[in-house]
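Peer 1: Pasting a structure here, questions to come.
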Amino acid sequence: MLLTIPELLDAAQLAEIRRLLADAPFTDGRYSAGADARRVKHNEEVDPSDTRVRALNQLVLMPLYRHETFQAAALPRKLSGAFFARYLPGMQYGAHVDDPVMGPEGGRYRTDVSVTVFIGEPQSYEGGELVVETDFGEQQVKLPAGHAVIYPSSSLHRVSPVTGGERLVAVAWAESMVRDPARRQMLYELYQVHEALRRDNPDAEVTRRAGHVRANLMRMWADV
């Protein structure tokens, strides 16, 4: 399931993120990639040891974690820190699958859900589409600043070459309470049905049953 989250960040948050990134030290993005991805990765990322990263993470990850759609769709158990990536003309990220397990010793997490938050406006760069392979074919994603997209980390994906301007994004990963993406999608669709029923018929028996079914499926599938 590929899902967009519109307007995750507001104008003030975006302005502060851009201010912090303006003079942040960027390093070769290959340093953070696994062995296979390193061969096809060509971008730059903010040095994770830089003092700005803490503030940048708070600006991006707190709104993400609190967002109702993210909670319902990703069912996060853990959320990684964010990587702040820059693509200049000629840079790209070839087709790859994210590493299944990330993080340092003592802080490992399974990557179930990948997140990209767009920091720059789409008209500020040429090319640079995020391309995700899904059951319905390739999906190209290039969203307005402040919007986010989430998709299963098991998906083959790439970033098309940037031919002009500067592509700025934040990327992160969630370990989900439900590791199977098909089950997560089913639970999210049940959530949508239940929310619609609660809005239109809050006291109906079918509303209670829909909530009951979703709760028991979570109990059956959740890994906590």
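Glycine is no exception: its Cβ is also placed from the backbone N, Cα and C atoms.
In case it helps, Swiss-Prot gives these features for our protein:
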BINDING   His96, Asp98, His157  Fe cation binding site
BINDING   Arg167  2-oxoglutarate binding site
DOMAIN    78-176  domain 'Fe2OG dioxygenase'
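Burial and contacts for the listed features, if you can.
Peer 2: According to its DSSP assignment, His96 (Fe cation binding site) is in a strand. In this view, His96 (Fe cation binding site) is surrounded by 18 other Cβ atoms within 10 Å of its Cβ, with every protein chain counted.
The DSSP secondary structure for Arg167 (2-oxoglutarate binding site) is strand.
DSSP places the residues of the domain 'Fe2OG dioxygenase' (78-176) in helix, strand and coil in these numbers: 3 helix, 57 strand, 39 coil.
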Peer 1: Counting Cβ atoms within 10 Å across all protein chains shown, which of the binding-site residues His157, Arg167 comes out on top?
Peer 2: Arg167
Peer 1: Between Asp98 (Fe cation binding site) and Arg167 (2-oxoglutarate binding site), what is the CA-CA distance rounded to a whole number of Å?
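Peer 2: Given the Cα positions, Asp98 (Fe cation binding site) is 20 Å from Arg167 (2-oxoglutarate binding site).
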Peer 1: Roughly how many angstrom lie between the C-alpha atoms of His96 (Fe cation binding site) and Arg167 (2-oxoglutarate binding site)?
Peer 2: 19
